[in-house]
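Here the structure is laid out as structure tokens; the discussion comes afterwards.
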Amino acid sequence: MELAKSFEPAAIEARWYPEWESRGHFDAGLDKSNPNAFCILLPPPNVTGTLHMGHGFNQTIMDALTRYHRMRGFNTLWQPGTDHAGIATQIVVERQLDAKGVSRHDLGREKFVEKVWEWKEYSGGTITRQMRRLGTSPDWKRERFTMDEGLSKTVTETFVRLYNEGLIYRGKRLVNWDPKLGTAVSDLEVVSEEEDGFLWHITYPFSDGPVGDLKGLTVATTRPETMLGDVAVMVHPEDERYAHLIGKTVRLPLCERDIPIIGDDYVDREFGTGCVKVTPAHDFNDYAVGLRHNLPMISILRLDAHVSDDAPEKYRGMDRFVAREVIVQDLEAQGLLAGIKPHKLMVPRGDRTSAVIEPMLTDQWFVAMTKPGADGRSITAKALECVASGEIRFYPENWINTYNQWLNNIQDWCISRQLWWGHQIPAWYADVEGDSRVWVAHDEAEAKSLAAKDGFTGRLRRDDDVLDTWYSSALWPFSTLDWTAEWPEKSNDALDLYLPSSVLVTGFDIIFFWVARMVMMTKHITGKIPFRDVYVHGLIRDAEGQKMSKSKGNVLDPIDLIDGISADELAKKRTFGLMNPKQAQSIEKKTRKEFPEGIPAFGTDALRFTFASLATPGRDIKFDLSRCEGYRNFCNKLWNATRFVLMNCEGQDCGISAAAGSAACNTANLDFSFADRWIVSKLQRTEAEVAQHFRDYRFDLVSKAVYEFVWDEYCDWYVELAKVQIQSGTEAQQRATRRTLLRVLETVLRLAHPLIPFITEELWQTVAPLAGRKDTDSIMLARYPEADLSRLDEASEAKIAELKAIVGTCRNLRSEMNISPAQRMPLVAAGEATILTSYAPYLAGLARLSEVAVVDEIGTDELAPVAVAGRFKLMLRVEIDIAAERERIAKEIARLEGEMTKAESKLANESFVARAPATVVQQERERLASFVATLEKLRPQLEKLGAR
């Protein structure tokens, strides 16, 4: 197979992905005789969604892990699937209907759900098609959807079990309510941002007249409309201004109700007036106060956020914000408005509707998070124990604190949503006015049977609500493995092999909403942990650290980075759908300034390498497009290095049939140079590093190790050294070098494959047969490299380090003397003759030398600059500008003296010597010795020039 002259990623990607998939290379391993199993769960994206940068990053990490373990011979499963995404999907379909002037209520539940299924079938494949563009290798044959029949049965089964155990209940509680959607929403679906508002100061008169100089208590509130539902005013029990008033009552303005003054240390004495109105039905903090003090709860808003009939007649039916204006006017008219001050406050809004979220007291279904189960432990306690015992490990470890903190302060989980798209709650009610009995069952027939046992044989009505999307997501670790109610008596190979899975890769933003709930539900239902490790990564942001969002106009599409996009198309994409013309204009201008030529096509491998390199521990990941360019250059470098190897090895005797290992070094067939042994030794170190970094989930360090070996060691040094050996070596040396070129390159391709699958597959297909390692049809199934530490060669490594230092010194001399790179110069070198003679051919090639003259000593009368490289003195024969050379050496002496002073200071510091690692202290001593030795050689040189 002939290799193309240049790397064209699009053609390679289009060819190889269908090949991998059609050959079954992504299929789950189900060999139960193999004790090694690796499983990873794809956090299910919204079924009708599209791929964003967070997906691209997350999936690159998961695919790298999957390919790595697959190549190590593990049974491997990357479990893919999508989420029905209740709210998000329902909103999309409702908007489509709105455009036609139809509401979901016009259609009715059954027909509306049919429409959603139609939309799911139409757009549901978009994100999985995009995942394929990223080169991901999940077992697509096992793809799951949270509303598949099997997963839906699991949802019902777990709900019924938890209800029968008393761990699911229905009750009236305060929840986040989105009045535009008409449903409860989770904390994750609420975005709080600082906005400009006001702090209204309202006086509540004492019921029995003034107390001393006080006519009443003045409260400060940002929401005066909720005062209609006030049931108390609270003060801090130790506040000297008000403590004596606790137990008295005030008259609630506009409502003519008397409410008590209570003491509670929740009150911040320094904020506002130190008096706080208490509205338990419309504020989460007040709700907790209400429970502590056994206060009544008065809902003064309907579910559509209009004032309810529990409020004074004048305000009934008003929108909450209209009511606010009228109430403020009425308070002012009665002389009870003590003041208004501008105030910045956090306003909670629905992330999809932007409607202000209303804390609302409604009937909902809940999971009891802290109630002991049959075994005496709550599901939360079990989840805490899993991590405390080390059964589940977090990487980085600091996320354990976040996990524990949330679980230790957990509230019961509201799992019902007032939607039509989702898993309908399996609960049936007696369809009789005044009968509140409910029967939870697997189906209606079972519900009727349960009702009959309770003496009810009338008509049943199913609960209209559906379950929170996170409920079915919490079951993902076992529902996707075809768990059934008969488990463990009836199981299957996948469930036996892959529960628990090996690692969960997730962003820190869903530790509470998904990670903790998977631990709770999986442990409680199956008795097993869902996964052993949790790798928590940061969130992808733009180069300035800003969150990527449509409104900011800084969103990047991974597919655009792979394929490229013109400036016109990018501007059009970023401004599409924006309602504000000024905002659209600003975003277009910014986009054209940032990307005047658009975005070039980087290809999948360059993008994946970029994502891996950015996977550092931390909360934020700044995505810099220039990194993509750098890694595209890396791919080109690897491609060109392979072309060089093929040009020099195809049709040549590469010694591949010769015996491998140390014995080959002593045969006439193969004569390995110190350069050959060095690159093999460095490869072992790199393989060991990469393995350790994979174990530690340090993908940034995996990419760094691969990059530095390929670019810095193999391409920049070994290939150049190999050119010398191929041109001037004996047949046995040439054969050994060709063998090394091939074997190391083939190994490197396998080493890099998990990160950059397409280019490595394409190159491997050509290189592997020449390297004698083509024992499978794809690099995906080739064995992953493992370090052989017996092949470390410290002597060869030391020689190359010395050679690099000499070459570097020669290059510095050329640069300082402004010698053209094209001009070959003679070098005079003083030092150990046998060593310098062995280096000479390499020096001539790498430092552009016409000859290397080895001498015992460089004469003191020489005026050409003399540089020191370790134990050698080097001089290029060239006409010298004495003054300039004197200045150069003087500067170098001054620099070295400064470095020597720093090193001496460090070593004189007892704290440094005592506390620093011994290796660090030794390094500092060696640096000092090096400075001293170099200065001893440079000072005479300066004296010599000064004497002229």
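Using the three backbone atoms N, Cα and C, a Cβ is placed for every residue, glycine included.
The stretch that Swiss-Prot tags with motif ''HIGH' region', taken from the ranges 45-55, 342-352, 573-583, is 45-55. Mean pLDDT, taken over the coiled coil (877-912), works out to 86 on the 0 to 100 scale.
Mapped onto DSSP classes, the motif ''HIGH' region' (45-55) shows 3 helix, 1 strand, 7 coil.
A simple way to gauge crowding: the CB of LYS550 (ATP binding site) has 14 other CB atoms within 10 angstroms, across all the protein chains here.
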